Amino acid sequence: NSSKILFIMIMIIGTLITVTSNSWLGAWMGLEINLLSFIPLMSDNNNLMSTEASLKYFLTQALASTVLLFSVILLMLKNNLNNEINESFTSMIMMSALLMKSGAAPFHFWFPNMMEGLTWMNALLLMTWQKIAPLMLISYLHIKNLLLISIVISVIVGAIGGLNQTSLRKLMAFSSINHLGWMLSTLLINKSIWLLYFSLYTFISFILIFMFNLSKIFHLNQLFSMYFSSKIFKFTLFMNLLSLGGLPPFLGFFPKWIVIQQLTFCNHYMLLIIMMMSTLITLFFYLRICYSAFMLNYYENNWMNYLQFNNFSMNMLLFLSFFSIFGLILISMF
C-alpha cells in the first residue's frame, strides 16, 4: 500500500527531526509531524474501534503538544521578563507533557484503551517507535523528583493493571507501561543503557506481536482453545512471553540485569526494590498464562486447524526466537 509507505516514511522523518533538533521548537515540530502521520496509519476498515482509537490518540497527543508548546514559549520569554518565570517549574510542565506523549504513568490512562482499538502492527509501532522521540527529549531535562515519581507509578501500574486482563493487547499495553518505568530509570544513570534496553525490548516485542498477528490471536481464551499445528510454535510463543517479562535465563533478563547493577552502583536501593517487586508481579501473570500451555493435557479444539503458516515466516520466527530464548546464554559465553 503506497499511502502507508508514505506515512511511515513521514513518521520516521518526524522522529528524526525531533531527535536531531537543536531547539525545543524544532523538537515540537518533529513531534507534530510524527503525530499527524501516525493517525492515518491507524485507520482500518476491518476494525470498528480504529476510528475511536485514532480520535483518542489525537486528543491526548494534541493536549500534550499544546502544553509542551506553552512551556517552550515560557522558556523563550524568560529572558524578556527579567527572570520572573521559574525555570524548574517550566521544565516540570514540559516533562509532564512528554510523559503524557510517551504513555508513562500517571498520564497513562489513554494508552490501554487506545491499544484495544489497534491492529497488532500499529500496536507495535505505538509501543516502540512512538516512544523514541519523547524519551529522547525527557533525557535532556534533569528533573529527578518528577522522574522518580513517574518511574515508581509506572512500574506499579504496569504490574497491577495487567493482573486482571483477558485482552492480549491491553496486557501488552500494561507490560509496555511497566517496561517504560525501567526505561525511564535508565535515563537517571546512563543513556547508552537506555538504548540497549529499548533495542532488546523492541526485538522481543516484535517477535511476540508477529506471532500474535500471524495466528490472529487477540484474547487469552483464544490462546488456550486454538489449535496449534506445531507444538514448537506454541512453546516458542510462551517462552518469548516469559522473555518479555524478564525471566532468567532468557534474553529479556539481560537489560534488567544491567539496570539492576547500575542502580546498585548509584545507591538507588529503594527504587530498585520497588521495580523488582513489580517485575515479580508481571512474571506471576505471565507464568499463570504459560502454565496451562506447558502442561500438555489441557483442552484444545482439534477441529480449528485452519492455521497454516508458510515455511518462510515459520523459519524466521524460530530463528529470531532462538536469540530471544538463548540470547543471555550466548552473551555470557563471550
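For all residues, glycine too, the Cβ spot is worked out from N, Cα and C.
Remember, predicted model here, so these are calculated numbers, not experimental data.
Look at TrEMBL and you will find 21-282 tagged as domain 'NADH:quinone oxidoreductase/Mrp antiporter transmembrane'. The domain 'NADH dehydrogenase subunit 2 C-terminal' annotation in TrEMBL covers 283-334. The transmembrane segment annotation in TrEMBL covers 6-36, 57-77, 89-111, 123-141, 147-164, 195-214, 235-257, 269-291, 312-333.
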Counting Cβ pairs under 8 Å that sit 6 or more residues apart, are there three or more between the transmembrane segment (269-291) and the transmembrane segment (235-257)?
yes
Candidates 57-77, 89-111, 123-141, 195-214, 312-333; stretch with most C-beta pairs under 8 Å toward the transmembrane segment (6-36):
123-141
Which listed range (89-111, 147-164, 195-214, 235-257) shows the maximal number of Cβ pairs under 8 Å with respect to the transmembrane segment (312-333)?
235-257
Taking residues 6+ outside the transmembrane segment (147-164), which of them lie with a CB under 8 Å of any CB in it?
95, 99, 104-106, 108, 112, 138, 170-171, 174-182, 184-185, 187-188, 271, 274-275, 277-279, 281-282, 284-285
Selected stretch (most C-beta pairs under 8 A with the transmembrane segment (195-214)) from 89-111, 123-141, 235-257:
235-257
Same-chain residue ranges lying at least 6 outside the transmembrane segment (89-111) that approach it to Cβ under 8 Å:
24, 31, 56-57, 60-61, 63-65, 67-68, 70-72, 74-75, 78, 130-131, 133-135, 137-138, 141, 143, 146-147, 149-150, 153-154, 156-158, 173, 176-177, 180-181, 184
